[in-house]
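Listed in Swiss-Prot for this protein:
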| type | residues | note |
| --- | --- | --- |
| ACT_SITE | 334 | active site, 4-aspartylphosphate intermediate |
| BINDING | 287, 288, 290, 292, 713, 717 | Ca(2+) binding site |
| TRANSMEM | 50-72 | transmembrane segment |
| TRANSMEM | 76-95 | transmembrane segment |
| TRANSMEM | 243-263 | transmembrane segment |
| TRANSMEM | 281-301 | transmembrane segment |
| TRANSMEM | 681-701 | transmembrane segment |
| TRANSMEM | 704-724 | transmembrane segment |
| TRANSMEM | 753-773 | transmembrane segment |
| TRANSMEM | 779-799 | transmembrane segment |
| TRANSMEM | 816-836 | transmembrane segment |
| TRANSMEM | 845-865 | transmembrane segment |
């Protein structure tokens with residue numbers, strides 16, 4: 001028998017629970033037996049699969065082929081070194097990926113939804129994942145239902161279950177037994193995980209958690225999409241394949257030229273050795289040209305970016321989002337809780353006899369009535385731990401009562417509640433019956449415009465009087481005055497009723513006596529002002545999209561600097577009235593959208609995307625999911641539903657607009673740093689190729705062995721390239737216009753930088769080889785290798801910025817670069833040790849005089865890079 005066929009007592013018995021809830025010990029036992037209330041994640045890629053993936057890179061495959069050929073030819077040391085280096089590279093990439101995965105998993109837990117649960121007779125708020133079968137959970141309007149369950153106490157509950165049933169209308173719920181087997185949409189005494197409470201209140205008994213819930217049974221619908229490569233990684237992979245073919249062609253050409261030279265110069269005496277040398281020359285070019293560390297460096301820098309963002313309260317759900325975020329040109333943000341503190345505070349009240357003022361004297365009948373209405377017609381409370389429970393607006397009212405010296409619990413104890421009619425979005429009212437000073441009294445609170453029309457009398461000068469048109473006008477004028485200040489206004493009324501009145505109906509909310517108004521505000525977050533200004537400076541348009549009133553939204557928008565002179569504010573209805581052409585014409589001028597629907601949100605996003613703008617959109621509800629999917633960057637609130645989080649690219653753990661702008665800034669820095677790493681790697685490789693090709697053309701010996709180049713590319717270069725990924729933001733990172741998503745890898749002068757730096761490194765290596773081979777060809781190779789490794793290492797300082805020279809930056813402002821350079825110099829010194837000299841082709845005669853020349857040439861090359869950078873800066877300034 002299903003829970004919906006059973007009475008409440010039968011379900012309690014079956015789940016071994018009781019009306020007071022479970023004990024902590026029983027909860028622990030059930031969690032140990034059944035696990036937590038969360039859907040199982042997809043099977044993660046195993047460590048072994050990650051390791052194999054690192055070997056699928058086209059550049060790694062070429063190196064593996066080289067290693068096997070060398071092994072076949074008897075070059076055991078060099079082939080072994082290639083295998084070891086590739087193994088180390090793969091292990092580092094796997095470790096970093098696993099570390100990023102585990103930190104992301106830990107951070108995701110921060111954004112878990114919560115549930116109000118009854119345990120041992122006490123109501124408390126817990127993470128929804130800690131729910132067990134048998135728990136009793138309280139629901140109210142706006143709540144996300146955290147598990148499946150049988151309703152046991154219902155007060156006008158309506159739930160939106162469209163995600164499960166396809167029905168667009170909210171379902172009215174009850175607690176009676178249902179006979180026979182019925183479809184999911186007809187189980188009206190049940191609630192289901194991931195549904196939304198539209199209005200009303202209820203308590204339910206948890207009957208299913210995690211995979212056993214209805215949503216758990218269709219969990220594949222909510223599974224996160226497969227991990228995708230970032231656009232940059234796709235471009236690099238495509239470029240890598242093209243580079244691979246070019247390198248193979250170049251190697252074949254060099255090998256052919258070498259063999260041809262052997263025959264034309266009659267150097268065929270030791271043909272096998274000559275062919276082997278020619279092959280190794282070609283291999284050296286392949287090794288020199290391939291940036292072996294590039295793939296892992298990009299992944300590591302992106303992962304570092306995700307960790308930095310997480311510290312700024314922004315959890316990135318995939319790597320492509322980090323890159324896309326840096327291109328954001330439009331941010332569509334909610335108002336409540338994102339731009340504001342989501343902490344409503346009562347700042348004013350209005351009584352017809354006293355005007356606008358704070359309540360201070362409850363000996364006056366009108367003040368006493370107003371404060372009691374605020375506290376009694378109110379479902380919020382504080383837990384024993386001081387935690388806020390309930391709607392933020394209602395919490396503000398009881399907090400106000402406590403603040404002015406009248407504890408809300410005392411007022412409620414003096415006037416106990418006898419019946420209630422919960423708030424709903426159709427009536428825009430809430431009513432209760434309380435035993436107030438020995439008289440059954442209905443208290444009503446709601447929107448001023450609605451409540452004014454329900455009143456025919458007003459409490460004035462200590463007695464009930466007619467609510468005349470003049471008095472109504474006075475109230476309406478005060479309501480408008482409050483609204484102009486972006487204050488949220490509630491009106492309060494009451495009506496004495498007979499002692500036999502036990503329940504409320506719609507007709508009871510008429511012929512009321514108006515008491516007064518309260519005004520509250522959700523103040524803007526302090527840091528929002530600077531963040532809006534920073535976004536504007538960065539060429540990012542910030543748009544407020546809210547369900548609040550247009551007047552309130554405009555007032556907040558103007559206050560925080562989001563709305564300027566000439567900007568427009570539209571309601572959802574006004575937006576619906578615009579044609580696509582009219583919307584396109586006015587799009588740039590519209591800064592505020594108020595009272596919007598989910599369909600409106602999608603239309604706004606598409607309108608900006610049609611203008612080729614990269615758009616970020618915030619959201620927290622099930623209805624926001626389509627707009628979050630549509631946006632280039634969907635941003636879910638940490639307090640939002642799992643459906644919204646699933647549709648998003650990023651989760652804000654603090655629901656704060658400031659965190660969005662911080663994440664955009666980090667996204668820009670990450671992309672800049674990846675390009676710095678790319679320029680560093682390709683400049684060094686180009687320098688090596690220039691030296692090799694020059695040696696081939698003029699008939700010198702190959703300036704580098706394949707082992708030397710592998711050592712530089714894989715061991716030496718990867719550490720500085722990663723260190724560049726840790727570089728702080730350039731001063732103007734948030735002063736540039738947003739980057740276009742389709743921007744090429746080498747755009748904005750990056751290719752020019754690579755050509756200049758690569759040429760300087762190559763020329764330095766050529767001169768070094770020329771000086772060295774006056775002693776012997778072996779000395780030329782040793783000096784060229786020394787100059788190349790030192791120039792590429794010291795180039796790290798130049799690569800830190802394309803606009804600022806190292807003297808301005810300072811040598812110690814990036815400790816990671818300093819450590820990387822020190823590490824590389826220490827590594828190089830190892831190659832000069834007696835037992836390693838032979839492996840790295842460094843002759844015994846190589847001493848201080850040769851080292852000083854080689855190192856001096858490397859330093860000169862880097863100084864030239866910095867001089868050219870400064871000259872470029874002067875030209876750009878003028």
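Heads up, the Cβ atoms here are built off N, Cα and C, so glycines get one too.
In the three-state DSSP assignment, the secondary structure recorded for residue 713 (Ca(2+) binding site) is helix. Sequence-distant neighbours of the transmembrane segment (681-701) (same chain, 6+ residues past either end, Cβ-Cβ under 8 Å): 254, 257-258, 281, 284-285, 288-291, 293-294, 297, 709, 712-713, 717, 721, 753-755, 757-766, 769, 773, 777, 780-781, 784, 788, 791-792, 795, 799. In the structure shown, the C-beta of 287 has more C-beta neighbours within 10 angstroms than that of any other entry among the binding-site residues 287, 288, 290. Contact count against the transmembrane segment (753-773) (Cβ pairs under 8 Å) is highest for 779-799, out of 76-95, 281-301, 704-724, 779-799, 816-836.
A contact between the transmembrane segment (704-724) and the transmembrane segment (243-263) is absent, since fewer than 3 of their C-beta pairs, 6 or more residues apart, lie under 8 Å. Counting only the Cα atoms, the space from residue 713 (Ca(2+) binding site) to residue 334 (active site, 4-aspartylphosphate intermediate) is about 48 angstrom. Sparsest Cβ environment among the recorded positions 334, 717 (other Cβ atoms counted within 10 Å): 334. A Cβ distance under 8 Å defines the sequence-distant neighbours of the transmembrane segment (779-799), meaning residues of its chain 6+ beyond its ends; these are 676-677, 679-680, 683-684, 687-688, 691, 700-705, 708, 711-712, 716-717, 720, 723-724, 757, 760-761, 764-773, 806, 811, 817, 820-821, 824-825, 828, 840-843, 845-846, 850-851, 853-855, 857-859, 861-862, 865-866, 869. Closest to residue 334 (active site, 4-aspartylphosphate intermediate) by Cα-Cα distance, out of the binding-site residues 287, 290, 717, is 717. Take the CB of residue 713 (Ca(2+) binding site) and look out to 10 A: across all protein chains shown you find 27 other CB atoms.
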